[in-house]
Amino acid sequence: MGRLSTSHQPLRGVPAPADSGARVLQPPRMGRWALDVAFVWKAVLTLGLVLLYYCFSIGITFYNKWLTKSFHFPLFMTMLHLAVIFLFSALSRALVQCSSHRARVVLSWADYLRRVAPTALATALDVGLSNWSFLYVTVSLYTMTKSSAVLFILIFSLIFKLEELRAALVLVVLLIAGGLFMFTYKSTQFNVEGFALVLGASFIGGIRWTLTQMLLQKAELGLQNPIDTMFHLQPLMFLGLFPLFAVFEGLHLSTSEKIFRFQDTGLLLRVLGSLFLGGILAFGLGFSEFLLVSRTSSLTLSIAGIFKEVCTLLLAAHLLGDQISLLNWLGFALCLSGISLHVALKALHSRGDGGPKPLKGMGSSPDLELLLRSSQQEEGDNEEEYFVAQGQQ
């Protein structure tokens, strides 16, 4: 019989075993290149959405401040903004319905008046008082005072059992309250009436955000989509703000040559065009925030909101000449540290949860109009908090 060969010849089709000195296989360069491209694309997309949000958010603040210098009817301006938002929301709903061939949600009158009306009334007062304050306060004082809305949101969240009392939350409240006191203490451009309006708006904003959260946690209403929410809120907001407008601005506006008793058609068209542009900015702000959160996360929006406050104050000091002392800056930094701590706590709490839970706390962007939950978000997300910012600040 032939002798078996002891030589180790590799079988055909079977790879030779790697020796002990063989290098560990590395992923293909093409795969790593694809990962790098995906990361860069996501970073560029996030940056672009943040910049878009900044343009609308900061832009509407300075635009409203500029407009109220020549048009002293902020409540009428707000009501026109609400009408424009409703118009664009209805148009968007119609376009989505035509493209998806699915009917949009329409609430019954009972649900509309019983569940949506309280939120709409609180939102209307928050927005109306905020715009009213522009007649008296600087952009810097407005921005700082509106940042204190987180303080009232936390307080009302504790009252309505939406947030659990913790030592960290007490620290957040103290930091924000202390920062607000330092910013307004001995401020050279402080106005009591305007400050009271902004602080009142922040207080009502706390009620508004709590009611909004409670409203949107009712999944049976079907208001998870921001367009549907804006569509349902604007009419009641308009009606809720009308009595305040009629008492404080109705008579003066009816005798004003800029609107009802106009003599120059060109002036009338310019005024209406300016007001309409503000409404477009308001709608664009809400939609840009929804895009930012839907493509990234609510944490990204909260962090972007913090840096937005800094940019707003710097621009107010540079462009409008707002006088901000060192003590004011320290107070602003203290307030931002409280807001940042709140954002960090929310992020840690979100990662510590094992799965999706009902919303517990509010977001940290105080100038936001609607807290939303997206039905299209991935199931693995622990906090699906979506916001549509109010643009009539």
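Each residue, glycine too, has its Cβ placed from N, Cα and C.
The domain 'Sugar phosphate transporter' annotation in TrEMBL covers 48-341. Taken from TrEMBL, the feature region 'Disordered' covers 1-22, 374-393. Residues or ranges marked as transmembrane segment by TrEMBL: 39-63, 75-96, 141-160, 167-185, 197-216, 236-255, 267-287, 299-320, 326-345.
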Stretch among 39-63, 75-96, 141-160, 167-185, 267-287 sharing the most Cβ pairs under 8 Å with the transmembrane segment (197-216): 141-160
The transmembrane segment (299-320) touching the transmembrane segment (167-185) per 3+ Cβ pairs under 8 Å rule: no
